[in-house]
């Protein structure tokens with residue numbers, strides 16, 4: 001009997017009943033998937049924090065990346081050497097004696113060769129067992145006892161000679177392990193990271209505040225910036241690769257400038273072919289994006305206009321409050337961005353501690369950076385921290401998407417109450433609205449475990465390929481009906497398939513997110529490349545390619561997080577519109593919401609805003625929905 005009644009229900013009535021059940025979600029029970037997800041997350045976090053305790057207990061981050069003097073004591077970190085952070089090669093004329101190093105407070109700067117012969121100079125150093133005095137000593141017959149005085153420049157934590165022959169000699173001693181180079185670069189570039197993160201944040205806020213006034217113009221400006229960014233980064237990369245080759249083949253034998261010394265060091269740390277390949281990849285991406293932009297130019301304009309619609313959708317005030325959803329959501333997303341930034345800094349600090357838990361090597365005549373070593377325990381623990389580094393950002397982005405889905409559902413309820421409250425009363429349906437705070441609580445309480453379980457199945461390929469490709473859109477039905485992840489994802493796939501078969505359209509939320517993310521990230525990388533090319537002195541780093549990758553991923557993640565606000569919103573609202581199917585007249589969709597929001601369902605929008613209302617009222621057949629609705 002109940003089955004027969006269900007078959008007689010209209011698609012719209014089924015959807016409204018789903019919304020009513022959603023309003024009563026306080027009585028929902030967690031499925032097994034959510035429990036598994038929380039259990040996996042809890043177990044992994046326990047392991048992760050045990051590693052942190054071990055790292056902070058036995059590590060000393062001051063030693064990481066620091067050069068060791070001849071006594072095998074780290075400059076800038078050893079006992080009494082906290083202020084003496086620069087390693088100085090007392091005899092750079094011979095590779096045989098490069099192991100003889102002192103720790104200095106400041107690197108000596110000598111104006112001319114004549115001054116180097118002054119043996120009355122006393123270096124500002126910390127003496128050690130092998131070199132008990134900081135006096136300059138020049139003994140041609142016994143070079144093993146020489147303490148030379150020569151011109152240098154400070155480069156990170158060493159005094160690099162400015163004379164080419166000496167610089168070439170000490171390069172062997174300046175070779176650092178890959179791990180040391182990467183972590184040292186991150187530490188020395190923290191201000192660059194903070195500045196570019198703030199730039200990405202500011203650009204995202206600017207886009208959100210301007211997309212409502214100039215939707216077409218803003219989206220096209222971002223697309224053009226993304227394309228020019230790809231080509232610009234490629235060109236600047238090629239110029240930098242050429243500079244590396246030039247610096248690596250310096251013929252000048254006299255004193256080198258600071259820029260030349262840093263360029264020579266970079267040319268030895270970085271293979272110019274690597275920069276060349278990265279530059280070509282940027283330019284190829286630029287060409288591909290340019291071609292697709294020409295092909296999909298109408299879709300790009302539509303994406304901008306749909307972002308404007310989403311902006312108006314979020315400007316609806318929250319229940320019993322004067323604050324709109326957009327203003328409150330921006331504060332939440334800003335908080336999530338700060339959380340990500342703090343998390344990355346915390347992980348970086350944990351790695352500084354972890355990679356100094358093992359004892360340094362102590363061999364005779366070892367060079368300044370040969371003391372660093374990694375044991376098997378550090379490798380295992382690093383793998384777990386790396387997984388955490390991937391897991392938490394995905395969880396933050398996943399949480400933001402689930403929150404947006406829940407907010408879209410709540411605003412949809414509010415629209416129904418405003419547009420068709422009488423119909424709800426006739427059908428004895430009751431919809432309960434939630435504020436943003438309630439939506440956050442609902443997302444954490446009922447959806448966090450399902451998010452964990454769903455992500456585990458998505459990204460470890462424990463689900464079908466179509467579900468994997470649908471990504472976070474698979475969670476829309478989870479938030480609406482609280483069904484298990486796989487069942488909800490399959491329902492979403494069925495709806496997607498019917499959409500493609502009937503209207504030949506695809507969800508455009510991901511398009512919006514990629515446009516914004518690539519545009520902002522390319523801008524940030526362009527700024528970094530300009531600094532790298534024209535002001536290398538301010539970038540005390542070893543390997544720029546690692547920095548480029550890290551900056552791109554970080555700024556892309558910030559932009560992807562903020563663009564979720566409109567991108568995920570478009571997809572969710574589109575899905576709800578097709579669920580809200582009215583049989584009279586002509587099976588048109590979105591009958592419960594204001595006409596302007598139904599434009600999200602159009603494959604393309606190409607009309608002035610003032611004609612929207614008339615178009616929607618006169619051409620309802622453009623919004624035909626499904627002939628059948630899934631249970």
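Yeah, the Cβs are placed from backbone N, Cα and C, and that goes for glycine too.
In TrEMBL, the transmembrane segment annotation falls on 191-211 of the listed ranges 170-190, 191-211, 254-274. Feature annotation (TrEMBL): of 39-58, 59-78, the stretch labelled transmembrane segment is 39-58. From the options 121-142, 143-164, 275-296, the stretch TrEMBL describes as transmembrane segment is 275-296. With pairs at least 6 apart in sequence, the transmembrane segment (332-355) and the transmembrane segment (39-58) have 3 or more Cβ pairs within the 8 Å limit; the two touch. For the transmembrane segment (376-397), the neighbouring stretch richest in Cβ pairs under 8 Å, chosen from 191-211, 332-355, 514-537, 549-569, is 332-355.
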